[in-house]
Amino acid sequence: MNNPKKDLLGIENLSDSEIYQYLDAADKFTEVLERPIPIVPSLRGKTILTLFFEPSTRTQLSFSIAAKRLSADVVNFSQATSSVSKGETLLDTAKNIEAMKVDGVIVRHSAPGAAKYLAERLDAFVINAGDGSHEHPTQALLDLMTMKQYFGAFKNLNVLIVGDIAHSRVARSNIFGLKTLGAQVAICAPPTLIPLEIEKCGADVYSNLDSIIGKFDVIMVLRIQLERQEGGLFPSTREYRTLYGLTRERVGKMKTDSIIMHPGPTNRGVEIDPDVADSNKSVILQQVKNGVAIRMAILFIHAGGKIE
Ligand code: CP
C-alpha cells in the first residue's frame, strides 16, 4: 500500500484500490504458505498483541499463526486471566501493554467503536478483529479473497447474505466491501433480524429465501447469535431452520457452480445443516485457510512492509 492508514478499523471507508492491495498481498503470502518452510523474515523484531475481550477460535489463532509466519513475536491476551477481571479499563489495559513496547494490537471487543477508541490513543497500529455489531474487516477481506478465487471478479457477482443481519458485523463489512468492488448484494432474514435502513448500504432486502435462492452465485450463511439476541426476535431455532436454514433441499435450488460460505462458528442444524456444511459446495474451510494469508497481508502492510 503506497501510504497505508495506521489502523484497519473497518471496510466502510476503504477504496477499491485499498481493498485490492490487501487481496494482492494475500495472494503473495498464499504462495509463501505453500512452501516447505512457510516462514519469511519480514516482521522480525516486531511484537504483535492479540487483545481479545470476546471468545474467538479462527481470528485469534490465524492472527497468531500469521504473525509467526512473518517472524514477529506474538503475545496473546485473554480477558479471563487478565486484570480486567479486577476492574481495569480497556484504555488502562492497552496503555500498560503499550508501555511494554508492542508494535501492533489486534483487538476484539463487544463494544462498537472499541478498536477506534484504542487506535486514537495508541502509537501502535490497531486492527479491528470485531467490535460488537459494527465491523469485522479482516473477516470480510478473507471472504472477498475467497470469492475472488472462485469467480475471478466482483462485477456481475450476485451475493446473498442469509441470517442474523441485525447483529452481524460480518454482514456489514461484507456489504461495504462487495458494494465498493461492484458486486450485487442482497440480504435475506426474518424482518426482526433486518436492521433499520440497511437499504442505505446498497443491499436488496428479502424475507422469503425459497423464492430467491436460485439467483445467487454466493450464499453466505450467518450464525444465529444466540448470545446477542434481546429475546423474542424469532420464535424458535426449529422454526428458524424451517424458514431460513440451509438444508439439502434448498441447496438443490441453488445455481450450478454457486458456493456456500459461512464465517463460523456454525450452529449445525440451525442456520446450516451438517451435510450442507460438509458438502462440495461449501468453501468454509477455504475461508479459514485464506484467513492466515489475508492476516499476513494485513500485518505486513500495517507494520510498514514493502512487497518486493
Ligand atoms: N469468524 C470469526 O470471527 O470466527 P471466530 O469468532 O472464531 O474468530
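Placement of Cβ uses the backbone N, Cα and C atoms for every residue, glycine included.
These features come from TrEMBL:
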{"type": "DOMAIN", "residues": "6-149", "note": "domain 'Aspartate/ornithine carbamoyltransferase carbamoyl-P binding'"}
{"type": "BINDING", "residues": "ARG58, THR59, ARG108, HIS136, GLN139, GLY264, PRO265", "note": "carbamoyl phosphate binding site"}
{"type": "BINDING", "residues": "LYS86, ARG169, ARG223", "note": "L-aspartate binding site"}
{"type": "DOMAIN", "residues": "155-300", "note": "domain 'Aspartate/ornithine carbamoyltransferase Asp/Orn-binding'"}
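In this structure, THR59 (carbamoyl phosphate binding site) is part of a helix by DSSP. Each residue contributes its Cα atom, and for ARG108 (carbamoyl phosphate binding site) and LYS86 (L-aspartate binding site) those atoms are 19 Å apart.
Across the structure, ARG223 (L-aspartate binding site) and PRO265 (carbamoyl phosphate binding site) place their CA atoms 7 angstrom apart. For the domain 'Aspartate/ornithine carbamoyltransferase Asp/Orn-binding' (155-300), DSSP puts the residue distribution at 61 helix, 24 strand, 61 coil. The Cβ of PRO265 (carbamoyl phosphate binding site) lies under 8 Å from the Cβ of THR57, ARG58, ARG223, each of these being in the same chain and 6 or more residues away along the sequence. Checking the binding-site residues ARG58, THR59, ARG108, GLN139, ARG169, GLY264 against ligand 1, the ones whose Cβ sits under 6 Å from it are ARG58, THR59, GLN139, GLY264.
Per-class residue totals from DSSP over the domain 'Aspartate/ornithine carbamoyltransferase carbamoyl-P binding' (6-149), listed helix then strand then coil: 66 helix, 26 strand, 52 coil.
Annotated pair GLN139 (carbamoyl phosphate binding site) and LYS86 (L-aspartate binding site), C-alpha to C-alpha distance, rounded: 31 Å. Highest Cβ count within 10 Å among the binding-site residues ARG58, ARG108: ARG108.
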